[in-house]
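Chemist: Just dropping this structure here.
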Amino acid sequence: MLAWSIVALAVVWAFANGAQDAPNAVTTTIVTRVLPERLALTYAAIMNGAGAMFGLVSMVFLHFSLVRVVGVPEALLSEPRALGLALVCGLSTAIACLFIGWWRGVPLSGWVTTLAAFAGAFTGALGDIRQLGDIAVLFLLVLIGPLLGFALSFALTRAVSRSQAKRRLTTETVRWTQTLTAGLVAFGHGLSNIRLPLGIVVVALAALGGSGTRVSQLHGLESDGPLGHLLSAHAGMSTLPLWIALLLAGAMALGTFVGGREIVRTLGRRLTDLTVSQGLAAETSTAVLLYGASVWLGFPVSSSFTIVGSIVGSSLAVSRKSVAWNLLGRIALWWVLTPLACAGIAWGAVLLVLP
């Protein structure tokens, strides 16, 4: 029962993550009127889902450790019930924070929020505050993505503007390129973010699924073979049912389509106004960083944080007065406080449920 509760929470997390992160990909296409809002969100949902599906297929054939993505401490591997309750508390906390951020129209990172919650939950389960050292890494991620996005987008905006002034780039070419890069960002989001809920499900089914593969065995299994060893076409608790993997990808795409408007309103209509060339620079910067760092190098760069930095960079390349600085300050405050709140709440929740 506990295992399936975690699976259900992982599906809800995928939906919340789709509503929070993927809409950022098409925000600039909406504000620059390259695409209407409904069409842009449909486009983002399709590309996000396609990226998640491609991620599932690639992990079947590639050697990739999903268990290490979740960051389960070695000491918890021999305590399935404590591990299961820690996952429930961490996931529930992260989902609540993501939905609160969505309700307030604040773009949050599903990865940062969830890993902070897990750090707190694992600390509560083990009584070892060394797990909170992961929070320092998360704050580093909070800084790196926006700063790199800002710098690259600032430079690209200047370059695109000069090319347009010399008539090397037509407005129509810029519009089509912006649409393409927005799709690439949404696709990259799905490709990268499907790993976390999939890893959570693998850990839950292995730890709590009866006599099947145990979590301690998964580390060796995943280093010696691809995810295909774990996938099955039937609902066996000792393996990862294929329908669960597909459900996670579908939930992520649905979240983008259903819930994306709140985040789009913040970034596209309240934070700044963008021209088509600025939108292209912001999308291209985010795509380059997302694929270069997160997909190819395996270094998790938040698409939410990066697109905000890219939008601000493209705006400042034209005018310092075009950014709503008060709103940007509130967003930055959310980014700093949310990981701390998630870690603290999950820690307290585990202490309440564990004897």
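Cβ atoms are placed via backbone N, Cα and C, with glycine included.
Positions annotated as signal peptide by TrEMBL: 1-19. The transmembrane segment annotation in TrEMBL covers 42-70, 82-102, 108-129, 136-156, 240-260, 288-312, 332-354.
Map the listed features onto the structure and describe their local environment.
Modeler: Long-range Cβ contacts of the signal peptide (1-19) within its own chain (Cβ-Cβ under 8 Å, at least 6 residues beyond either end) map to 45, 48, 81, 84-85, 87-88, 91-92, 94-95, 98-99, 102, 110, 114, 193-194, 196-197, 200-201, 204-205, 207-209, 237, 244, 247-249, 251-256, 258-260, 262-263.
Among residues of the same chain six or more beyond the transmembrane segment (108-129), those with a C-beta under 8 A of the stretch's C-beta atoms are 13, 16-17, 20-21, 70-73, 75-76, 79, 82-83, 85-87, 89-91, 93-94, 97-98, 101-102, 135, 138, 141-142, 193, 196, 300, 302-305, 334-335, 338-340, 342-351, 354.
Within the chain, the transmembrane segment (240-260) has long-range Cβ neighbours (under 8 A, six or more residues past its boundaries) at 7, 10-12, 14-20, 22-23, 26, 41-42, 44-46, 48-49, 52-53, 55-56, 102, 186, 190, 193-194, 197-198, 201-202, 205, 227, 230-234.
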